[in-house]
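What Swiss-Prot says about this protein:
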- Arg94: omega-N-methylarginine (MOD_RES)
- Arg94: asymmetric dimethylarginine (MOD_RES)
- 108-444: domain 'DZF' (DOMAIN)
- Arg145: omega-N-methylarginine (MOD_RES)
- Lys166: ubiquitin cross-link (CROSSLNK)
- Ser173: phosphoserine (MOD_RES)
- Ser189: phosphoserine (MOD_RES)
- Lys259: SUMO2 cross-link (CROSSLNK)
- 424-463: region 'Disordered' (REGION)
- 429-440: compositional bias 'Basic and acidic residues' (COMPBIAS)
- Lys437: SUMO2 cross-link (CROSSLNK)
- 441-463: compositional bias 'Acidic residues' (COMPBIAS)
- Thr461: phosphothreonine (MOD_RES)
Amino acid sequence: MVSTHLTSTTLPDCYRSLIVNSELGSSALMDLNSPSFLYPLLHTPADKGTLCTYQAALGKVYASLEVIGVGDDKLQAVHGLNGGKPHRDILGSRITRPTGIKPLCLPRHILAYDWLAQSLLGIVIGSISLAYNELLMMEKLKGFRPFVPHIPFDFYLCEMAFPRVKPAPDETSFSEALLKRNQDLAPNSAEQQIEEVRQVGSYKKGTMTTGHNVADLVVILKILPTFLTMLTNETGFEISSSDATVKILITTVPPNLRKLDPELHLDIKVLQSALAAIRHARWFEENASQSTVKVLIRLLKDLRIRFPGFEPLTPWILDLLGHYAVMNNPTRQPLALNVAYRRCLQILAAGLFLPGSVGITDPCESGNFRVHTVMTLEQQDMVCYTAQTLVRILSHGGFRKILGQEGDASYLASEISTWDGVIVTPSEKAYEKPPEKKEGEEEEENTEEPPQGEEEESMETQE
């Protein structure tokens, strides 16, 4: 008959280990405290306190007993952690140092079956290994605080929880002002001089020959072509006239990025930026072709130009923000333009683009990259407090001033203003940039401590 017995032994620093006494033919004692048995699991003696705790191992044994069909009545007979009561909640991520743990003895009616005893022996040893791996992981993560982003308040995501006590205000004039501003910003047919860009020649036909690697592009204009100037830069070149500019960006296929020679080829960041622009255009065409989204983005670009606090917002961030404000709601139906415009300012004011916020994930990048992390902490704060001021002005009827229909309004974000007897005080910045270290201080620090890397300190948040 095969019998299995589990008991406890005392280790330095009050740690517990397991002794597995297996009578298989000849009696053999396997003490988990012995270096010969610990080496495959620990690679170090057990006296350093790295052995998995008795609590975690027993928790897995209890779970294993339940898996193989041992009922609650039989588990009551298993002496263990909670005065003989079965434990099912010891499999969590918390592993603590055990105190006052009783020995574990499997009941005789369980040990009456050879197959069950052998299974339990394997379960115990396997559980010890798993528990130890969990403990090692916890030791590595000790003191590490995982990043858990917060979700800023968005009224339109929880509108049902805040029922109105008054009828919705009439915003017809606000909607008309938005449409009027969009009409002023949209280029007319005369300004849109490019009709089409076509690939032609042997490249388009697929009849190119060796030694004549030339691709022909034809730009069809709506106007009479005049003499143009060409300006080369690090990203490609620009063809411009007094009224319009065409930018030509150069890149390569993604597999070639690993083969670039810095002394021979273009900067990899330039090539990656052009590839990203292609992904952005493709995503926008597939997901943001709704007319309200396009109008809102045009208005946001105008807002960025007229208010310095919004300058850090890149065109791609504005694209995603406009799409989010119009389409991301419980009904999955596009919101009205006036509602979406107000929502943009509200969620920016609530901290959508602050360091701890969930923000907006870039749909064209891998790894859950939050688009606002391209901004510095100072810029993120500036966007937030500028939006807070404009939200208060908008709430008191100052939309014409915000839209630029009543002259320059850039001062509103930094000066006190009055709207229908209500005084609006601009929000103040919450982030203070750390003082820059002097050259002498940096040299002293370098002499005291050896450098640990070549990376410069950056204010950009990292994922």
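Backbone N, Cα and C atoms are what each Cβ position is placed from, and that goes for glycine too.
These numbers come from a predicted model, not from an experiment.
Fewest other C-beta atoms within 10 angstroms, among the recorded sites Lys166, Lys259, Lys437, are seen around Lys166. Of all the modified residues listed here (Ser173, Ser189), it is Ser189 whose C-beta has the fewest other C-beta atoms within 10 angstroms. Classification of Lys437 (SUMO2 cross-link) by DSSP places it in coil, neither helical nor stranded. The distance from the Cα of Lys259 (SUMO2 cross-link) to the Cα of Ser189 (phosphoserine) comes to 44 Å. Checked against Lys166 (ubiquitin cross-link), the recorded positions Ser173, Ser189, Lys437 differ in C-alpha distance, with Ser173 being the nearest. Across the residues of the domain 'DZF' (108-444), the predicted structure has a mean pLDDT of 83. The two recorded residues, Lys437 (SUMO2 cross-link) and Ser189 (phosphoserine), show a Cα separation of 54 Å. Reduced to three states, the DSSP call for Ser189 (phosphoserine) is coil.
In this structure, the C-alpha atom of Ser173 (phosphoserine) lies 27 angstrom from that of Ser189 (phosphoserine).
A coil conformation is recorded for Lys166 (ubiquitin cross-link) in the three-state DSSP classification, outside any helix or strand.
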